[in-house]
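Swiss-Prot annotations:
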{"type": "BINDING", "residues": "280, 281, 282, 283, 284, 285, 286, 287", "note": "ATP binding site"}
{"type": "BINDING", "residues": "299, 309, 312, 315", "note": "Zn(2+) binding site"}
{"type": "COILED", "residues": "544-576", "note": "coiled coil"}
{"type": "COMPBIAS", "residues": "599-610", "note": "compositional bias 'Basic and acidic residues'"}
{"type": "COMPBIAS", "residues": "834-843", "note": "compositional bias 'Polar residues'"}
{"type": "REGION", "residues": "593-629", "note": "region 'Disordered'"}
{"type": "REGION", "residues": "787-845", "note": "region 'Disordered'"}
């Protein structure tokens, strides 16, 4: 009965003492509340009964405390049971001290306590830099049992040790729980110093490890380059190869020698600007260079060429993620006004402990216009120690003001040889077996991006024990060169069925049509350029043996053109497989004879002189010598051969027969890469039919001549049989007018008269020229004063060919200006008993020609 009454009195006293300690500590955090009770706590023992809570007993000797600890079934571990003084006197090695473990079972009736002083693997853990244990986090979530692990940081004196042992409110150790919500943004706010209270509410207190190294800026180490201060490793978890082998110094950058040299010179000479702009393709090292440059700006090493050294306090704090003067951000955050204001305020203040305050903005092309305006307006108000490093892969999207106020550095694509060397080093360091051909293939497919190459290498290392070329083909989804050469050989050998089967197999299992046609084009270009690999396969050598002649090379060039045209159709088509199959079948349609005819025709055209003959209204005005007549005969033979070649190349047999029987090539002029071909037809129906097929005719001319072609179609009408009425002539004129506007190429539509006999008068005819949908004015020439209008004629056989002419303007009247409309007149042949005056009165207006400033005068 007395024992029960004694415990009932002790419990309120114990609670009162605990409350008093907490109130004093909260009221005055700088004061150690237990220091007032140091004399009482020198010999103290905490004990809890099985059912009666905590009782405080004072003992006079530490031995009694140890003896009482053995009798106490449950409670705190007594102070006297540890030989702390012996360990402190021997050197206070934290790694040799064991931590105290309290295991609280869920059973309220039976509790047991255990302590361990030496078995660290089961009952405790070492104190190393206050780093949280991953195993503890995993054990925190176990059900049915609540187990907590405390780590104790020893003090430097016995009195302080006793006070901290008695009151956990002033302890500076760090506890981590699996359900603990850590706010990393408030690490600088240390609070009152309370790590956790007795209500078991966990609180995070950031470690102030920088205070351990502030007194040693260069950290001389132990003589072997190692630092005395132990820092946590930031490569604990396994990462991808691109992250693991990210450059940490300028020497590790690949393929950017010019940029590295310029940045090192900037640091050496101290010519630091406010804004740097790193631009270039993705995966070329822009972001890594910005981080290295930021660390080099604040590095404390005396040797500028070795910055960042990685040994000084600034380098260690930055690379461990604790640098306060280097901030990395992205465009998404900066587009928020609150975050932007915070950044501007921070940039206006001097750095905390470093030399420069560096702001790295990645993907800066995503910043909005308002953000750019605010940054540029505030740039002059920033501290002179603030440096901005902008990183972008799309330079054209940045405002011009940013480009003019920044120092730009272009990061070019990394060459395949450098990428291959880097990948080989990674494989050797990681112990990965590889084929050199596979590494070279990865480098060629990375398109100058080292990061993409490292990612592909990382994926291949997960697929098998050895990286091979076939494995790389399967991963990337491309076809090997041997398979491409087999398909190309089948397509060019007119093996239709096998070509279709092979193409469908490739597209069904490995590759899409767009990528297949691109690979075929690349293989053909390599063969034409003469690029041969050192270790060429048997398939490649066999293909090169068959296709080495000039005729086969011409076939390959034609195949490249067909594939280029097919790629345009594939981009706009939903059925890409069909279009690609059609393109492959077209590779064997053209035989060698057509190519030989093509080349011969072009060589003859290049040797020809300009074919244009002059004529006048009367025969005999121009007397030709025998040499000129012989040259003209040769030219006529050349024109006839060209015309025959053009008609033979027409796809339609009916069009081929029509052009050969009903049409004639009368003149062909090649000037400055443009050929002008004049065709003659004898009826309006023939002209209309030729106009409907003008595209096919133009394609045939371009295939033979190899240059742009302007087609002029002339209608030859005999003066003895003029149109029966003016209405028929007008309909003929407007019919030709409508056809000319539909033509894509520049065309000449001319109505001609045949003047074989000298007694016939030439009839005035109509000429139209279309240029981008406009009808142009032709030259007007007056050959005599008796005629009201006269034509400038151009014919190789003395025929009178008329151009668009203007009516005769009597003296005293104003001549129309160049930009005014020109009238087109119809003049009929003179009959018996009619004079020029009578005929001019019978002329009537049948059309109006639009002016064009580009027309030739």
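Note: Cβ is positioned from N, Cα and C throughout, glycine not excepted.
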Per-region confidence, the coiled coil (544-576) (mean pLDDT, whole number): 84
Fewest other C-beta atoms within 10 angstroms, as judged across 299, 309, 312, 315, which are the binding-site residues: 309
Cβ packing number for residue 283 (ATP binding site), 10 Å threshold: 23
Per-residue Cβ crowding (10 Å cut-off), top of binding-site residues 280, 281, 285: 285
Other residues, Cβ within 8 Å of 299, 309, 312, 315 Cβ centroid (Zn(2+) site): 295, 298, 300, 301, 307, 308, 310, 311, 313, 314, 316
All-chain count of other Cβ atoms within 10 Å of residue 286 (ATP binding site): 24
284, 287 as binding-site residues, winner by CB count within 10 A: 284
Candidates 280, 281, 283, 284, 285, 287 (binding-site residues) with Cα within 10 Å of residue 299 (Zn(2+) binding site): none
Between residue 315 (Zn(2+) binding site) and residue 286 (ATP binding site): CA-CA distance (Å): 19
Long-range Cβ environment of residue 282 (ATP binding site), under 8 Å and at least 6 residues apart: 393, 449, 451, 452
Residue 309 (Zn(2+) binding site) to residue 287 (ATP binding site) - Cα separation in whole Å: 19
